[in-house]
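Asker: First the structure, which I've put down as structure tokens, then a few questions once you've had a look.
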Amino acid sequence: AGDLRREAGELRAAAAAAEEELQRRLAAAHAARDGFESEVRELQASVRGERAAADAAVRSVRVGAKEAATAAAAGARAERESRETRETQLGAEVESLRLVAAEREAEWTRQARAADVAAAEAEATLRAAQATARVGASTAAAAAANELAAADARTAAAAEQAVAAAAAADAGYVELESAQRAVAEARASAAEAESIAREFQATVRETRTHADQSQAALRAEATALRADAEAREKQLSGLLAVETSARAKLESELRETQSTVRGEVSTLEAALRAAQASSRREAQTREVAAAQLAEKEAELADLGALRAAVEEEKSALERDFRDLQTSARREHGEWEKSAAALRGKQSELAAAQAAMKGERSAWADARGELEGKLGDLRTVSQTSRADAEAASRTLGEERGARALLEGELRAMTESSRRDADDLGTFQQELRKKEAALVELRTLREEAAAAAGTWEERLGRESARRESVEGDLRGFQASQRADRESWEAKALAEMEVRRRAMEEERQQVTSLEQKLQALQETGRDHTAERDGLHGRLEASEAALARAEAKMSRMTRDLAEAEDELEDRDKEEESRVGSRSFKPSLPIVHEEPRTHSQQGVNTRKGTQGGTLRANSQQQQG
């Protein structure tokens, strides 16, 4: 019985220890499962969050890049269209200005050529008129001088002849006939001289008329030239005003073009700076994305490490599970052994109970025997009270031993009942542990499935990340190519603008040079016009001097004629008062001879004066 109690106590202690160990391991397994599930949920949540963040970042980057690219393309398109429109307008304006400048230059050239031709014609006409006037005047003066010299010679000869005739008449009448002949010759000479004088007067009148006509023609030509010069001056002033306004307009348009080009250059520089800023922002975004990708990679590395840790934990859990299974199997074997021992103990207890029943029956038989013996003893008690007391003490001892055995039997029954209950409880717990092991196996399978799903998801995420990185790299490459193409286009457009500005500057420089040439041509024409004016003034002064000389000559001729007429009258009066009265031819021829001599003398003087004046005019 003591051994049974000790073994039952050991079994109870082993069962309690095994139950505590199983509960502890089961709690640890539940805690590990809960921790693993929480970690898996956290990992899934973090992966979902990271995936959503990466998708949002990629989407925002794509949307921002697309919007920026669309805005940049729209801005570049609008700027290119406005620039093309402006360039077309500037080209049309420059072409129109070039055409206007060419037309004006052709007009100015034509007008300058016409003015040159007119000036040359006027100058040639003036020179021809001057030469004609000089030649006519010199010819007329020479002819008049020659005629006057001849008339003087003839008059001198006639005078000499008249003097000889008068001397002959005074000497004698003998030579009257010869004198008459000489007088006739003198009269003829006088008539010839008078005709020569009349011809000279007609020549003088014709010369004066021709001089007046030449002077009127020269005055009309000078007036026409002056009017042409004034008209040309007005036209040149108008052309200069138009040229000045055109130059001012060109300068204003050039300034506007320069300001517009500066504004466009500043706009392009601002756009270039904006593109560079966007490039820097894209670079920063790329760096941020690279940093985020690095963080993602680090997180993925952490996830890989965590997955390795999970794998290690899973392998540790599998090892623990295997150890737990092994220990559970071992404990199950031990429990089966304990159960077999308990069944043996139960059989032993049953055998002991049967033995106790046999003993009880034996005791009953012994009791019967004892009762018989008691009866015998009662019968004997009377005979021997000492034997009875000894027998009663022995019976009391046997009763105490019986009560002790019954108490032990009851205690063993209670302990066996408790052991059976403990065994049932242990079996229930064992079934629970088996269910927990099944659940743990299920959890392991679920964990393996979750790990496979997680690996697939990680593969999909890595593939998606690689595709996103490829898209990002492609987008960055396209953005880089677009930016480089846009920068190349911007540089090409700036180069084209610079060349256009250089061409416009060269055109403006050529226009300025043409304007300077036109101004110099205008100055030359102005100088030529001033020279023509000076020549005209000199010609007018020469004509005025010639007119003054002609007026003096006319006055001298009129005075000479008046003086000749006065002398003729005096001679006639003096001849009329003389006592000697020759015949009519002689009376009338002699004073005519003397008067003609005086006239010839005056005409010789006047011819000398005319020759001197003509020589001075020629000089």
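Quick reminder: no glycine exception, Cβ is built from N, Cα and C everywhere.
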Asker: Select from 233-254, 277-298, 321-342 the stretch of residues annotated by TrEMBL as region 'Disordered'.
Answerer: 321-342
Asker: Which is it, of 1-39, 118-156, 157-195, that TrEMBL names as coiled coil?
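Answerer: Going through 1-39, 118-156, 157-195 one by one, TrEMBL flags 1-39 as coiled coil.
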Asker: By DSSP, how many residues in the compositional bias 'Basic and acidic residues' (546-558) are helix, how many strand, and how many coil?
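Answerer: Helix (H, G, I), strand (E, B), coil: 13 helix, 0 strand, 0 coil.
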Asker: For the coiled coil (1-39), report the average pLDDT of the model, please.
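Answerer: For the coiled coil (1-39), the model's average pLDDT rounds to 67.
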Asker: With DSSP as the yardstick, break the compositional bias 'Basic and acidic residues' (566-575) down into helix, strand and coil residue counts.
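Answerer: Summed by class, the stretch gives 10 helix, 0 strand, 0 coil.
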